[in-house]
Amino acid sequence: MDDKTHKGRITKQGIRIYDEADFAGMAKAGELAAQILDSMVDLVKPGTTTEALDAAITKMVNDAGSTSATIGYKGYQHASCISVNHVVCHGIPGPKLLKDGDILNIDVTVIVDGWFGDTSRMYVAGKPNRKAERLIQVTHDALFEGIMAVKPGNTFGDIGHAIQKYVEGHRMSVVRDFCGHGLGRVFHAPPNVLHYGRPGTGSILEEGMFFTIEPMVNLGRPETKVLADDWTAVTRDKSLSAQFEHSIGVTADGCQIFTLSPNGKFHPTY
Ligand code: MF3
Ligand code: CO
Ligand code: CO
């Protein structure tokens, strides 16, 4: 069954409403994605390469009998995006050696029984400096500020506002050029989930909506540019950037996080 023939309702804004069985499908896909990210904790270290990390991810996806959503997506050829230091997102795994103090986001999307699990976290090769550690903490906590704003009756603007207020309150900036997205039996669906905004604006959240929240936060200015490889997005001012991503579903009184770490490893510094 593909998304077009899927049972159920779509809102006026084009957002699909899923049922209880669909939550179970997303939980399975999300758990595998999270399990893969858990396994990366011990592999990220100075002297390794991002293509070695990606190879380990490809193997885990295959061993689980799952499919990578990113291999073949718009010509992308890897099972992960790995974004180091001033790379904001969509970093392509490659042969460059990680060095002590590098910070990196690893973003994995798997397909299990047709359901998409999309999640990313920050990692540190060796020991981070204090600024990098603070950036990672603020980005992590900003994601959860957004998640805490998720419940029926609130709006997508409430989510964006919560994230933006938290980040700017810490004198960092929210990237505007990339956003979260609806997902389910497709990788990217309506709505665009902005990580900035005004309270009360945007579509109203309803029980059964599935989407990602994936704020990118820069130590410097928010502007980005995409390199000549057509994928790698970097900060224009070369400042450090961080990102965390969860796939979630709206429940009657809040949300279910599909991509929580099965081993309590979501955060790199505790
Ligand atoms: N996982 C990314 C997201 O959060 C999308 C990566 S698409 C790729 O939406 F082709 F760059 F892998
Ligand atoms: Co995503
Ligand atoms: Co992702």
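Easy rule for this one: first residue shown is 1, then count along the chain.
Cβ atoms are placed via backbone N, Cα and C, with glycine included.
Positions annotated as domain 'Peptidase M24' by TrEMBL: 25-251.
Long-range neighbours of His188 (substrate binding site) (same chain, six or more residues apart, CB within less than 8 Å of its CB): His181, Gly182. Marked as substrate binding site by TrEMBL: His90, His188.
According to TrEMBL, the feature divalent metal cation 1 binding site maps to Asp107, Asp118, Glu245. Under the DSSP three-state reduction, Glu245 (divalent metal cation 1 binding site) is assigned to strand. Within 10 Å of the C-beta atom of Glu245 (divalent metal cation 1 binding site) sit 23 other C-beta atoms, taking all shown protein chains into account.
Annotation comment: TrEMBL describes Asp118, His181, Glu214, Glu245 as divalent metal cation 2 binding site.
Within 8 A of the CB centroid of the divalent metal cation 1 site residues Asp107, Asp118, Glu245, the other residues of that chain are Ala33, Val108, Thr109, Thr119, Ser120, Thr212, Glu214, Ser247, Thr259. Taking His90, Asp107, Asp118, His188, Glu214 as the candidate binding-site residues, the subset whose CB lies under 6 angstroms from any atom of ligand 2 consists of Asp118, Glu214. With a CB cut-off of under 6 A applied against ligand 3, the binding-site residues Asp107, Asp118, His181, Glu245 are reduced to Asp107, Asp118, Glu245.
Of all the Cβ atoms in the protein chains shown, 22 others lie within 10 Å of the Cβ of Asp107 (divalent metal cation 1 binding site). Take the CB of His181 (divalent metal cation 2 binding site) and look out to 10 A: across all protein chains shown you find 20 other CB atoms.
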